[in-house]
Each structure stands twice: as C-alpha cells, then as structure tokens.
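Asker: The structure is given below, and queries will be raised subsequently.
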Amino acid sequence: MARVCSLFHSLVLVCSLLFASETLVFSRILEKRPPLVPGLSWNYYFPLECPTLEWIIRTNLEKAFKNDSGLAPGILRLFFHDCFANGCDASILLNAPDGNDEKSHPANIGIRQEALLAIEELRRVIYKQCLPVVSCSDILVVAAREAVRQMGGPDFDVPLGRKDSLTFDLDGPNNLPPPFFRTEQLLEVFGQRNFDATDVVALSGAHTYGRAHCSSLVNRTIESDPPIDPDFKNNLVATCPTPQSSNTVNLDVRTPAKFDNMYYINLLNQQGVFTSDQDLASHPQTKEIVNLFASNQKEFFDSFADAFVKVSQIDVITNRQGKGEIRDRCFVANKKVSVEAVAEEMMELAEAI
C-alpha cells in the first residue's frame, strides 16, 4: 500500500512538473506572437461559434491542393492582394455587375478564378456546419496560411475576428507594389505600413512557388541591372519573347511547387524572376537578410510567419468599428443579395439544420 501511495505521489509530481513546463512553453509562444489589433483573437471562434473552423478548411484544402498544386500560391496571392490593397476585408472577392471591381485592376491580372471559387466553396461548407458566423475575410486568412503550411512551409496560428467590407475600392490595388519596383521603393511602400526590411524580404519569399505572367517580368528580359544569370535570361526570353505572350514562368526554377527557402538561393545565383526580387540580393539593407534566409530555412519560416500575421491585420474591420458584416455569399454584399441568392441560402440553411 505504501508503495502504491508513493507511486501515486510520484505520478502527481511528474504530472505537475509536465503541466508547469507546458504552461511555461505556451506562455513563451504567446510572448513571441505579434501583437493583435483590438477585436481580433487567437481563439475567436473557439469553443462556441465554430470550433472546427480550421479543421474544415484544412481538410477541404488538402483535397483541393492534391488536384491542383497551383491553387496554393493562387490563394496566397489572393490574400496579399486583398490585405495590402484595401485591408483584410475580403473586398477583392466582391463582384460588380459590370465587372468593374478590384479584380479588374491591372495589378490583379492573373488572380486565379479557382482561388476565388475555393474561398466561396469553403464558405458554403462552413455555413453547413457552423451556420453564418464566419466571415469570408477570416476564411481567406486561414486558407492562405494553409496554402503555406500544406506546401511545406511553416505552421502557425492566425488571429481571427475580421468582418467583411460592404463594398470595394477601385483605387485600393494602387497600393500594391509592382514587380518592377527596386528595393528602395519596396522599403518605402512597406515602411508606410510599419513593415521593416526583414518583413519585406520574408514576404517576398512567397515567390518560392507559383508562376508569373510575361507582362510582369519584361524588365528582366531587357535589362542587366539588377544582375541576371545569362542562361536564366535566355530561358526567360525564349518563354516570353514579348510582354504580350500568354506563357507563364515558374517563380522558383528549382522547387516550383514547394514552399521553402530555395527562392533566396535562386537570388544568390542571380535567378530572380522579378526585378523586385533580384534587387533584394544586392541592396545594403536587405542583402544580408537574403543570405541568412538562404542558409537557414527556419529563420525564413519564423520571419515569414510573423510578417504574415502582420499583413493579416492591415486595416481590419472588427466588431469595434461596426462597419462590416458576415457575408452570406463571399462574392456579394448582403444588402445586394438577389432573390435567387436568398433562396439558395435558405436551402443551405435548411440542409445545415
């Protein structure tokens, strides 16, 4: 009996030590997280409103990415073009009856229709399991994180609690930095939103997968500054003989479908597809960061995760402002929903119940 009691007390002590250790580790993890905008939370939908939200998005995208690996960079680009243009409010998803919306802006050429449809499909599935409590803007943020994680990148938490915008801003995409920007211009544009040089280099690493249209890389086929590997340049010219060519080029010539640090190794080999990419490897404020990320993937992953969370909080709409909504459909603001759309949503609600 004494041995049993002794064993019991030992187990209690071990469990207490383990719990204390895990609590300390968890508190350290919390300390490392970027600060949150008021109104956002790390567990916004848990445990009541939609505790299975991230599981729903993760499992559904696993299937989608297996069928189309290009969907992942498409969703990540959609996320950045939404957030950096006009704030993370899902305004890029809104359709205009005449087609004159954010997606029609020249900066958004190449936005994948499949990525747009994937977010709406996730909204439909979530609606069935949780009812209309999750915003399209939050769905896009979680989906973009999954587009990184599932293709080999870091796994990290994202804060939630955004509301969707009621309309879009046709001038918003003017805030997006073009691919022919030099580093000095990138640092200025990002600096206006409180991003530093490490953030800029880390976010540029999103070009470690995906494809570019010929119209966005014409500078690299006719200029030698920033420097370009001759064979790489010849391949670009062969693929994109003119800016009007409909061909596309892998942003990463080595691992085009994987989220890794190979992008930075490409830059050191003067094989950056965009001017804005290659110039990072020689600018005095960014070249050492490029070298660090090329030699240490974990440093890149950690910096990218922090920068991603910062991007995800740009000009968000939360309950505190009271200016947003949870859209019944991602492509249409609630006040503009048609009779057919209402009928469709009622059918979805009936199925969910």
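These residue numbers are counts, starting from 1, taken along the chain as shown.
Backbone N, Cα and C atoms are what each Cβ position is placed from, and that goes for glycine too.
Just so it is clear, the model here is predicted, and its values are computed rather than measured.
Quick paste of what TrEMBL says about this protein:
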| type | residues | note |
| --- | --- | --- |
| SIGNAL | 1-27 | signal peptide |
| DOMAIN | 39-334 | domain 'Plant heme peroxidase family profile' |
| DISULFID | Cys50-Cys130 | disulfide bond |
| SITE | Arg77 | site 'Transition state stabilizer' |
| ACT_SITE | His81 | active site, proton acceptor |
| BINDING | Asp82, Gly87, Asp89, Ser91, Glu102 | Ca(2+) 1 binding site |
| DISULFID | Cys83-Cys88 | disulfide bond |
| DISULFID | Cys136-Cys330 | disulfide bond |
| BINDING | Pro177 | substrate binding site |
| BINDING | His207 | heme b binding site |
| DISULFID | Cys214-Cys240 | disulfide bond |
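Help me picture these features in the structure, burial and contacts included.
Answerer: Around His81 (active site, proton acceptor), taking its Cβ as the centre, 22 other Cβ atoms fall within 10 Å, counting all chains.
The Cβ of Asp82 (Ca(2+) 1 binding site) lies under 8 Å from the Cβ of Cys88, Asp89, Ala90, Ser91, Ile92, Leu93, Ser137, Leu140, each of which sits 6+ residues away along the same chain.
Neighbour count (other Cβ atoms within 10 Å of the Cβ, all protein chains): 22 for His207 (heme b binding site).
Taking a C-beta cut-off of under 8 Å and a sequence gap of six or more, Cys214 (disulfide bond) has these contacts in its own chain: Thr239, Cys240, Thr242, Pro243, Gln244, Ser245, Ser246, Asn247, Thr248, Val249.
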Asker: In the same chain, which residues outside the set Asp82, Gly87, Asp89, Ser91, Glu102 have their CB within 8 A of the centroid of the CB atoms that define the Ca(2+) 1 site?
Answerer: Cys83, Ala85, Asn86, Cys88, Ala90, Ile92, Leu93, Ser137, Ser165, Phe168, Asp169, Gly172
Asker: State the Cα to Cα distance, in Å, between Cys130 (disulfide bond) and Gly87 (Ca(2+) 1 binding site), rounded to an integer.
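Answerer: On Cα coordinates alone, these residues lie 25 Å apart.
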Asker: Cα-Cα, whole number of Å: Cys50 (disulfide bond) versus Cys136 (disulfide bond)?
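Answerer: Their Cα atoms are separated by 14 Å.
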Asker: Between Glu102 (Ca(2+) 1 binding site) and Arg77 (site 'Transition state stabilizer'), how far is it from one CA atom to the other, in Å?
Answerer: 14
Asker: Give the number of CB atoms, excluding that of Gly87 (Ca(2+) 1 binding site) itself, located within 10 Å of its CB.
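Answerer: Other Cβ atoms within 10 Å of Gly87 (Ca(2+) 1 binding site): 20.
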